[in-house]
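The structure under discussion appears below in the form of structure tokens.
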Amino acid sequence: MKILFVEPAIFLSAFAMTLTGPLTTQYVYRRIWEETGNYTFSSDSNISECEKNKSSPIFAFQEEVQKKVSRFNLQMDISGLIPGLVSTFILLSISDHYGRKFPMILSSVGALATSVWLCLLCYFAFPFQLLIASTFIGAFCGNYTTFWGACFAYIVDQCKEHKQKTIRIAIIDFLLGLVTGLTGLSSGYFIRELGFEWSFLIIAVSLAVNLIYILFFLGDPVKECSSQNVTMSCSEGFKNLFYRTYMLFKNASGKRRFLLCLLLFTVITYFFVVIGIAPIFILYELDSPLCWNEVFIGYGSALGSASFLTSFLGIWLFSYCMEDIHMAFIGIFTTMTGMAMTAFASTTLMMFLARVPFLFTIVPFSVLRSMLSKVVRSTEQGTLFACIAFLETLGGVTAVSTFNGIYSATVAWYPGFTFLLSAGLLLLPAISLCVVKCTSWNEGSYELLIQEESSEDASDR
């Protein structure tokens, strides 16, 4: 008997994703550090390889390393842009007919292949530039955005009531927070006690178990398409794919279409800033004046991941006394405050305190997805999440590339500039959400509007 709980797959995937990020960044950082100069990292050092004295030649050297790491991250992100966009859009769109498991399986295969390649790269000390090729190839199978999009669509398929969608998505965020928090907290100890080789191997094993669970134990609430759809040619399949996306907007009334576009803009602009700035935190913490080691970076990652847990608690409590849109406002403005505080953090204590306003960072992601799911029909959920995932893939890669480029250009004169810029950019989703509020957003009214449009379509037939 198949299981209809996607949570175990999310648990394992979140563990692998959270551990892969800081490990890969610090591995590349050390390789570039050692190849750029005659300096080596000490594996048992209790302090970061970092120089705080600006007059020291080591200080200029580490600034050069920061620039090189940032540029390399930029190259990796760009290499996976096009294949990631195509695969994400196609896989999630066809999931409305072929089931949600298909994109989960394919993206899990890609993640597993990439993690195995990381193990080999680290063990045999291959040129780290080969990571660019693995990113390019792995993106064809989909990425974590594809996986999360399929998981969210899987969950929405099982939720009949609108409030249930918000709570269920918030529970997923809680699970993500629990896993990513503990993983982030332990990531530094993984590096220190096990080294990069064994750490990457653990990631590969967890992804293999995840793939086995999805293949053999996870059921799919969405049935396979009819034989007529299966026998469609490839060109007809693509036409049908884009046609469904076009009809998602065309079939909506003017007011609902405007709201749909506005909410998508809000989600993507917020996603652009939050995802784009995320990799910069580690580089910022490695650099002077903080000079954090791998353990402190793990603590910082754990505090950042705690926002999943606190966001779940916030949604659970706030849902009794306020609407989704008000919760989104709270998340945006607290995140903006955290960005501004981080820009001026010059000590370890200040950096930890700057993490506090990020406690509700995940709230807008959950409630905005829930709001979007309420303005489309149940048969359009897969197409909607395909659009979201496609835009998130495009926005995420563009954001990471943009912020890495900005950080590389500004790290020498003011490393915190990127965080100040992020705080300013968060005004865009805040203003967009204000416009949504001015359109008299009401969850019940849009539910009735969708029902009326559906009845009109039925009568036309």
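Here the Cβ of each residue, glycine as well, is placed from N, Cα and C on the backbone.
Residues 69, 73, 104, 108, 111, 115, 118, 131, 144, 147, 151, 154-155, 158, 172, 175-176, 179-180, 183-184, 187, 190-191, 196, 199-200, 202-203, 206-207, 209-210, 213-214, 217-221, 279, 282-283, 294, 297-298, 301, 305 of the same chain lie 6+ residues outside the signal peptide (1-25) yet bring a C-beta within less than 8 angstroms of a C-beta in it. Annotated signal peptide per Swiss-Prot: 1-25, in sequence order.
According to Swiss-Prot, the feature topological domain 'Extracellular' maps to 26-73 (among others), an assignment based on sequence analysis.
The N-linked glycosylation site annotation in Swiss-Prot covers ASN38 (among others) and rests on sequence analysis.
Per Swiss-Prot, the feature N-linked glycosylation site maps to ASN46 (among others).
The N-linked glycosylation site annotation in Swiss-Prot covers ASN53 (among others).
The transmembrane segment annotation in Swiss-Prot covers 74-94 (among others), and the record cites sequence analysis as its basis. Residues 102-103, 106-107, 131-133, 135-136, 138-143, 145-146, 149-150, 153, 237, 241, 244-245, 382-383, 385-387, 389-390, 393-394, 397-398, 400-401, 404-405, 408 of the same chain sit 6 or more residues outside the transmembrane segment (74-94) yet have a Cβ under 8 Å from a Cβ within it.
For the topological domain 'Cytoplasmic' (95-101), the model gives a mean pLDDT of 78. Per Swiss-Prot, the feature topological domain 'Cytoplasmic' maps to 95-101 (among others); the stated evidence is sequence analysis.
Taken from Swiss-Prot, the feature transmembrane segment covers 102-124 (among others), and the record attributes it to sequence analysis.
Taken from Swiss-Prot, the feature topological domain 'Extracellular' applies to 125-133 (among others). Residues 24, 27-28, 31-32, 72, 75-76, 79, 117-118 of the same chain, all 6+ positions outside the topological domain 'Extracellular' (125-133), place their C-beta atoms under 8 angstroms from a C-beta of that stretch.
For 134-156 (among others), the entry in Swiss-Prot reads transmembrane segment, with the evidence type sequence analysis.
Annotation comment: Swiss-Prot describes 157-170 (among others) as topological domain 'Cytoplasmic'.
Residues or ranges marked as transmembrane segment in Swiss-Prot (evidence: sequence analysis): 171-191 (among others). Outside the transmembrane segment (171-191), and at least 6 residues removed from its termini, the chain residues within Cβ reach (under 8 Å) are 7, 10-11, 14-15, 17-19, 22-23, 26, 151-152, 155, 199, 202, 293-313, 315, 362, 365-366.
According to DSSP, the topological domain 'Extracellular' (192-197) comprises 6 helix, 0 strand, 0 coil. According to Swiss-Prot, the topological domain 'Extracellular' annotation covers 192-197 (among others).
Residues annotated as transmembrane segment in Swiss-Prot: 198-218 (among others).
Among the features that Swiss-Prot reports, topological domain 'Cytoplasmic' is placed at 219-261 (among others), with the record citing sequence analysis.
Annotation source Swiss-Prot lists transmembrane segment at 262-282 (among others), citing sequence analysis.
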Distant-in-sequence neighbours of the transmembrane segment (416-436), which means Cβ under 8 A and at least six residues beyond its ends: 259, 262-263, 265-267, 269-270, 272-273, 276-277, 280, 284, 325, 328-329, 332-333, 335-337, 339-340, 342-345, 364, 403, 406-407, 410
Among 102-124, 198-218, 325-345, 383-403, point out the range having the most Cβ pairs under 8 angstroms from the transmembrane segment (262-282). 383-403
Dominant neighbour of the transmembrane segment (325-345) in 102-124, 198-218, 295-315, by Cβ pairs under 8 Å: 295-315
